[in-house]
C-alpha cells in the first residue's frame with residue numbers, strides 16, 4: 001500500500017523566515033531598485049594601497065557616507081563661487097577653489113595635485 005505524500009510542514013505563526021522572492025500578482029518577479037554607492041571605487045583604492053587588507057560592510061558604509069558628504073560639501077561650495085563672481089559656469093577652477101576652502105592645509109594641497117593629475121589624464125585621453 002503506497003504511503004500518502006508528505007507535504008512540507010506549515011510555517012509556525014510568527015516565524016522569522018521572510019519570503020525571499022518578491023512576486024507580482026501575475027507571477028513575474030519585481031525588479032529590484034539599484035542602490036548607487038562608491039563601494040567598488042573604495043575597494044579598488046584599498047587594494048592599490050593595501051593589497052592584503054579587506055574591509056567590512058559596516059566600514060564600507062561609513063566610507064560611502066564620507067565620500068557622499070565630501071562630494072556634497074565640495075559641490076555646494078563650488079556652486080556658490082560663480083554666483084559671487086557673477087558667472088554661470090562651474091569649471092575645474094571652482095572645484096579647486098572649493099577644495100582649498102574646505103580641506104585643511106596639507107590635505108588640500110594633496111587633493112588639488114591629485115585632482116589636477118586626474119583632469120590632465122582625462123583631457124589627454126580624449
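Note: Cβ is positioned from N, Cα and C throughout, glycine not excepted.
The compositional bias 'Low complexity' annotation in Swiss-Prot covers 1-12.
For 6 (among others), the entry in Swiss-Prot reads SUMO2 cross-link, with the evidence type similarity to another entry.
Per Swiss-Prot, the feature SUMO2 cross-link maps to 21 (among others).
Positions annotated as N-acetylproline by Swiss-Prot: 2.
The feature ADP-ribosyl glutamic acid is assigned by Swiss-Prot to 3.
The N6-crotonyllysine annotation in Swiss-Prot covers 12 (among others), and the record cites experimental evidence as its basis.
Here Swiss-Prot flags 16 (among others) as N6-acetyllysine.
As annotated by Swiss-Prot, N6-crotonyllysine applies to 17 (among others).
Residues or ranges marked as N6-lactoyllysine in Swiss-Prot (evidence: experimental evidence): 17 (among others).
Per Swiss-Prot, the feature N6-(beta-hydroxybutyryl)lysine maps to 21 (among others); the stated evidence is experimental evidence.
Within the same chain, no residue at least six positions away from residue 86 (N6-lactoyllysine) has a Cβ under 8 Å of its Cβ. Residues or ranges marked as N6-lactoyllysine by Swiss-Prot: 86 (among others).
The DSSP secondary structure for residue 87 (omega-N-methylarginine) is coil. In this view, residue 87 (omega-N-methylarginine) is surrounded by 11 other Cβ atoms within 10 Å of its Cβ, with every protein chain counted. Annotation source Swiss-Prot lists omega-N-methylarginine at 87 (among others), citing similarity to another entry.
What Swiss-Prot records for 109 (among others) is N6-(2-hydroxyisobutyryl)lysine. Around the Cβ of residue 109 (N6-(2-hydroxyisobutyryl)lysine), 13 further Cβ atoms fall within 10 Å across all displayed protein chains.
A sphere of 10 angstroms centred on the C-beta of residue 117 (N6-(2-hydroxyisobutyryl)lysine) encloses 10 other C-beta atoms. For 117 (among others), the entry in Swiss-Prot reads N6-(2-hydroxyisobutyryl)lysine.
In sequence order, no residues are near residue 121 (N6-lactoyllysine), counting only same-chain partners six or more apart with C-beta under 8 A. The annotation N6-lactoyllysine is assigned in Swiss-Prot to 121 (among others) on the grounds of experimental evidence.
The region 'Disordered' feature in Swiss-Prot is assigned to 1-36.
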